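> From TrEMBL, here are the annotated features:
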{"type": "DOMAIN", "residues": "51-182", "note": "domain 'N-terminal Ras-GEF'"}
{"type": "DOMAIN", "residues": "225-496", "note": "domain 'Ras-GEF'"}
{"type": "REGION", "residues": "492-513", "note": "region 'Disordered'"}
{"type": "REGION", "residues": "525-581", "note": "region 'Disordered'"}
{"type": "COMPBIAS", "residues": "525-537", "note": "compositional bias 'Polar residues'"}
{"type": "COMPBIAS", "residues": "559-576", "note": "compositional bias 'Low complexity'"}
{"type": "DOMAIN", "residues": "585-671", "note": "domain 'Ras-associating'"}
Amino acid sequence: MFWWADMPSSFKGENSREWGEEKEDGVIYTVSLKKVRHQTTTTSLQWETMKLRTLKAGTVERLVENLAPEDVEDQDTNSMHLNVFLATYRAFTTADQVLDILFRRYKEYKECRRRGENGKDSRHDVCRIIQSVLCIWMDIYQDDFDEPPAYRLLHRVLEFAEAQMSDGELARQTRHKLDRLRRSQALKSQQKVSVPNGHHLTSSEDVLFIENSDPDQPLDFDTISVQTMADQLTYMDAELFKKVVPHHCLGSVWSRRDKKGKSTTDAPTVKATIAQFNAVSFLVIATILRNTCSSTEDRVRIIEKWVDIAQECRILKNFSSLKAIISGLQSNPIYRLSETWAAVSKEKSEEYEELCTIFSEENNQMTWREILVKEGTAKYADTSSTKVKHVRKESAQKIQAQRLSGVMQGTVPYLGTFLTDLMMLDTAMPDTVDTNLINFEKKKKEFEVLAQIQLLQKTAQNYNIVPEPSFKAWFDSVEHLRYEESYRLSCEVQPLSDSMSPPAQGSRKERSLRKRISRLFSTSDWETSSANSNTSQSEDRVSETSMPDSPDSLVPEKMSASSSSSSLTSLEMSTSPYKNYDSSSNCVIRVSLSGESDNIYKSVLLTHQDHTPGVIKSLMSKFNLDAEEAEEYKLVQKLPDGELQIPDHGNCFYAINQSVEPNFILRKKSEEGELHRKSKKRTTLRKLMEVVSTQT
């Protein structure tokens with residue numbers, strides 16, 4: 001024990017403080033000192049500090065052993081280790097290996113107790129804790145054991161419990177779990193499970209929308225009310241979100257970063273949510289461009305209706321469809337219709353612009369994150385801060401009506417934010433440290449994000465919306481347009497002017513890039529006009545390492561790119577997944593390869609010790625380039641008014657401009673001359689055009 005009076009003054013006034021590290025065979029612990037009160041007499045208290053150790057990194061064996069430690073120094077710390085491990089272990093081991101270690105450890109301690117070695121009660125406690133760990137695992141993460149029809153893992157647990165555990169409690173719970181899963185599977189086999197636009201999934205728990213009755217005659221967009229549209233989209237999104245398996249969102253799982261040949265159905269619940277998001281975005285585009293003979297007034301009416309639907313989604317706290325609708329309206333084929341947008345009423349334009357600011361990229365999506373913190377677990381939306389007067393008044397009336405009727409609203413977040421955070425964490429932090437020990441600090445940070453998803457899933461249970469099969473039938477019946485087709489129709493509505501040229505869509509390189517981007521989440525670069533800088537879609541960009549190498553069998557071809565802890569009672573979100581990083585010595589940069597789309601980039605954690613040659617070699621490895629040719633490349637930072645070349649042999653961290661977005665290009669030095677010639681040619685052409693314009 002350490003007496004508080006002997007500690008440095010900087011430790012006083014805080015509950016705990018990190019002290020250092022301790023290394024043992026196969027494990028590294030972070031040592032902290034926790035302040036506790038120690039009663040010395042009946043009238044006085046003495047502050048005392050306790051030494052606590054939390055696991056920082058270790059082998060799989062040691063990580064599993066710490067699920068049931070012999071000496072539990074702090075129950076909260078042990079519970080947190082269990083929560084983090086069960087939520088993230090799939091990234092570095094398998095369920096079979098975890099069971100092997102737990103079973104072996106149980107038998108070892110049971111044998112020690114039988115021989116009478118070490119008479120302490122801890123031997124019995126370890127066996128009891130292992131039994132509790134298995135029960136918690138099966139209860140909270142039943143997906144790990146849901147393997148119909150054999151249920152192999154559950155039978156492993158059952159056989160072990162019957163052979164080794166005399167009280168029979170674990171065996172009883174395992175049989176009960178088996179019965180439930182079998183009944184559930186029998187029910188699912190009788191139901192049709194569908195995803196947007198006719199794509200079907202068969203995996204268990206991939207339930208997206210179960211059609212309980214034959215749909216009526218499909219509706220039409222014009223006949224569906226704004227409230228019905230918002231309600232039904234919210235129902236579909238909520239059902240999907242509630243069934244998202246949180247660990248499917250891990251960057252190393254859903255993005256298939258390890259690429260070890262696993263099926264792309266490793267994260268079907270995430271893929272299903274992606275499909276729904278994109279289906280809504282493409283629905284917006286299709287309804288606006290479906291009839292090129294329609295008048296400008298008709299298209300204005302459709303756009304304004306979508307703005308109204310987006311506003312209703314905002315009141316329902318359905319941020320997934322809200323984001324999808326905005327993405328559809330910002331798509332290039334729709335955004336370029338300047339004549340149509342000019343006819344949109346001032347009120348609707350203001351309303352639309354304010355909705356767009358929710359997902360602004362400024363300060364790492366600060367506005368969206370603050371809204372989620374404020375309203376994520378609230379019963380109702382809070383639109384009191386809106387600057388559009390008529391929206392504030394109408395929203396207040398609707399929310400007040402909800403309060404009076406006792407109807408509570410859930411929350412459906414835009415999942416892309418969490419996927420991006422987890423992707424960046426997965427890319428920026430190493431999987432292993434100190435001679436291949438698993439970096440458990442990384443798993444803790446990932447768990448913080450997963451816990452937020454779990455908490456929001458509980459709030460999504462608050463929705464009480466009745467599904468309408470006729471709406472689902474109409475939703476699935478709307479034919480989505482490929483980009484080329486939607487852009488062609490857009491040009492029919494408003495032809496290109498002489499000063500405009502259509503984007504190059506036909507090159508083989510571009511088609512290849514689009515196919516790769518089609519496997520990613522959110523809207524693509526073509527869906528967002530670069531003119532709308534206030535609503536940048538860069539939040540949707542994902543490292544290329546996330547792309548699966550298998551066919552797009554799970555994700556629609558049209559897709560484009562762009563906690564179990566009971567103590568969690570409110571949503572706490574940082575403004576960045578790197579909140580514990582010291583910006584004075586670390587930063588995360590995004591690097592794209594010259595000639596490729598900015599949507600395809602690598603995320604790199606840059607420290608104050610990194611020099612340019614090492615950074616370039618690391619990037620070339622990430623881009624699958626020959627690192628031996630590193631000297632032929634250079635690193636360039638993109639600035640608002642040009643570019644900044646990073647010195648070839650300098651300290652990369654101190655050379656970059658940290659006051660702007662950390663966007664970089666890895667470029668061959670031989671390209672510099674060609675770029676200079678093209679720039680000079682453009683300058684000459686511009687001057688010539690100015691002369692011609694002056695003469696005319």
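In case you wondered, yes, glycine gets a Cβ from its N, Cα and C as well.
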> Find the average pLDDT over the domain 'Ras-GEF' (225-496) in the predicted model and report it.
88
> Could you give the number of helix, strand and coil residues in the domain 'Ras-associating' (585-671) as assigned by DSSP?
22 helix, 35 strand, 30 coil
> With DSSP, how much of the domain 'N-terminal Ras-GEF' (51-182) is helix, how much strand and how much coil, in residues?
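Secondary-structure breakdown of the domain 'N-terminal Ras-GEF' (51-182): 94 helix, 8 strand, 30 coil.
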